[in-house]
Amino acid sequence: MIMKSSNVVWHKSTVTRQNRQEQNGHLSTILWFTGLSGAGKSTLAHTVEDALSKMNCRTFVIDGDNIRHGLCADLGFSSEDRVENIRRIGEVAKLFTEAGIIVLSAFISPFRADRDRVRELVPEGDFIEIYCQASLEVCEERDVKGLYKKARSGEIPNFTGISSPYEPPEEPEIIVKTGEDSLEVCAQQVIEFLQERGIVQPTSA
């Protein structure tokens, strides 16, 4: 990325990420939920956040629809705008990790290269890619917004899975079968991964 601003320097905080993590009692990380529209990314992200909140973790969900009401309101759905959308979200997610927070990002993010760029923004291990695996058929059946129908009729151009490709992760940290398993099973799978990684502490039996 080429910076358009000159004569700017990065100011280091006297309160470090480690300080904030110690205060919070858990590590910070990016949970990146990716998958087709209707795969259950946002629903799963909020369910995982609810579980983490009950464990007294500091969290925040960045949702693909919500972000387009503000930070990315100027972007459309062309390939170029999708790239910029994910770039902005990646930078925001990185700031959340510096704040000691577990950030849950729920975006279609259809292109591997864009997801890889976010991974490269943060130290190794800080980007946890969660592939919400559901078939196109299942996603269309769940389509309460009618987006797939509009996409197939040509009303919505560049729609992922119909007129624009989705590139599944090749080596995601977690694969959740949101097209087959229950929401509770998928959420527990994510929580157990975080506990095994030492990001959050195991709950008492």
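Indices start at 1 and increase along the chain as displayed.
Every residue, even glycine, has its Cβ placed from backbone N, Cα and C.
For SER109 (active site, phosphoserine intermediate), applying a Cβ distance below 8 Å and a minimum sequence separation of six or more within one chain yields TRP32, THR34, ILE86, ARG115. The active site, phosphoserine intermediate feature in Swiss-Prot is assigned to SER109.
According to Swiss-Prot, the ATP binding site annotation covers GLY35, LEU36, SER37, GLY38, ALA39, GLY40, LYS41, SER42, on the basis of sequence analysis. Cβ neighbour count for SER37 (ATP binding site): 23 (other Cβ atoms within 10 Å of its Cβ, all protein chains included).
The highest number of surrounding Cβ atoms within 10 Å, among the binding-site residues GLY35, GLY38, GLY40, is found at GLY35. Secondary structure at SER42 (ATP binding site), as computed by DSSP, is helix. Each of the binding-site residues LEU36, SER42 was scored by other CB atoms within 10 A of its CB, and the lowest score goes to SER42. Sitting within 8 Å of the Cβ centre of GLY35, LEU36, SER37, GLY38, ALA39, GLY40, LYS41, SER42, and not among those site residues for ATP, are the Cβ atoms of ILE108, CYS132, ALA134, CYS139, THR178.
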